[in-house]
Amino acid sequence: MAFYPAGRRPRASIHDPAVRSLRFGVLKAAAINFIILQILFLGLFCYLFGSLFQETTHIHNLHVLFVDYDHGAIGNAIRTAYHELQSPGFPTLVEHPPSLYPSPASIRQSVCHIHYWGGLYISPNASSQLLSALTSPSTTTYDPNTTLTLIWNEARYPTIIDPSISTTMTLLSTTAQKAYLLANGASIFSTTSPNLTTTPPFLTTLTTPWTLTSQNIQPTPQGSRLIYNTLVIILILIQEFFYLGYLNTVYQQFHLYTAVSAHRIALIRLLISATYTFIGSLCTAATIHAFKHGWAITPGQFFLTWAVLWLFAHLNFLVLDVFTVWLPPPFVPMALISWIVLNVTSILLPFELQPGFFSWAWALPAHAVYGTLIDVWSGGCNTQLGAFLPILFAYELLAGAGSVVGVYRRAHFAVLAVEGEKEKEKEKEKEKEKEKEKEKEKEKEKEGEGEGAGLERRTTAVTVGEESRESIWREMSRVETRSRRNTGPCLDLPFME
């Protein structure tokens, strides 16, 4: 059996006049689309990497609240250590008096309302208790875990807050211990009995005056946290795009736009899309919940996650539907990849760590949905729902309206296309009738024999040859854009000559 015999049949030479004239057009179309795609992806790469540019130099934009309830030597050591560590790559410590934050609960509330990325406080009488433990280690009970406390929410950008807040505050605590010993070590040894300076309690307290205690509002230690603001969002968008393509193909193949009223089509499309995204978001939420090892999420938070993801998936289905309605088909894939990159970039990093230009992405649905999910997962500790939910519902309503209008637009042009085909068929029938009449007239005419008949045969042969060449030219110069059969994944060319 031959290897694809039809594909190995002889073709016209590349130097054939009919082919040679096509070469410039092919090269021009390929070059234009080559340049367009390179510019598109170059722009997307620049936008993506630009949002991450010099991330570590923006860490100072992360503010940590500091309240000193002690007013003693430990607070002075914290301030000294902060001045030593202060840099663009270190969080900004914002100190407020206890009168503004009278209790640790008020600090937690401030962190919960995302006024600060963390809250650091020193317990009352911590310095005096530490000094007593050093000067009288045998008679004083001292707990180093109650001296310095950090309140933070790991669910809020866990891959960022771990190194930027938790790690840096631990470094601040360690540096402050050294500063405390440098400032108070001489007086401690002068007031402490020499016999006590060699005891284990004294040495333990001296080497570790305090330990930073972490009050994590929502621990988020699971490995899957790495993809909550990346691959999860990307897969949701791609999932909607693929089904939208299938749905549009179904409507086109079954000619529903000409067989069913537009308002019924719009209603059915909304129901189908709502059902599809309902099931898809359930699967996504269930997967997140199934691989939440070490993450304390309640059943109520699971259902809220499901609802939020459903809204996000459905509004993106409608947005992508608007793309397919109002954009030329060759530009739809470009719009999809641009939409994905813009949305994911808006949640890769907090806006505090990005250049100011990228703050416009606050209006994108991915940023709103991720902020809403943080609120759900941390039990209400990301209180910006008053901004996030209106953004999501605005996309839902506007994209829904655009999708419905798009149904009427598709139905309008589908009817016009059918009417145009009918008119073409009528014209063809008229032409056939005219040809039949001409043939009848020719039959009625009397033609001579001999040279007249030979001349007619030669003329007919020449005419047939010319028509054959013209047919070959049309077939070779025609660029098929409406239907491709078994040629693999092809995209329509945005520009062609």
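Cβ coordinates are placed from backbone N, Cα and C, and glycine is handled just like the others.
Curation plays no part in TrEMBL annotations; they are all automatic predictions.
Remember, predicted model here, so these are calculated numbers, not experimental data.
Some features that TrEMBL has for this protein:
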- 424-459: compositional bias 'Basic and acidic residues' (COMPBIAS)
- 466-483: compositional bias 'Basic and acidic residues' (COMPBIAS)
- 33-398: domain 'DUF3533' (DOMAIN)
- 424-497: region 'Disordered' (REGION)
- 30-50: transmembrane segment (TRANSMEM)
- 226-246: transmembrane segment (TRANSMEM)
- 266-291: transmembrane segment (TRANSMEM)
- 303-325: transmembrane segment (TRANSMEM)
- 331-351: transmembrane segment (TRANSMEM)
- 358-379: transmembrane segment (TRANSMEM)
- 385-408: transmembrane segment (TRANSMEM)
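Against the transmembrane segment (385-408), stretch 303-325 has more CB pairs under 8 A than any other of 30-50, 266-291, 303-325.
Here the transmembrane segment (226-246) touches the transmembrane segment (303-325). Their Cβ atoms form 3 or more pairs under 8 Å, with each pair 6 or more residues apart. Taking every listed stretch (30-50, 303-325, 358-379) in turn, the largest tally of C-beta pairs under 8 A with the transmembrane segment (331-351) is reached by 358-379.
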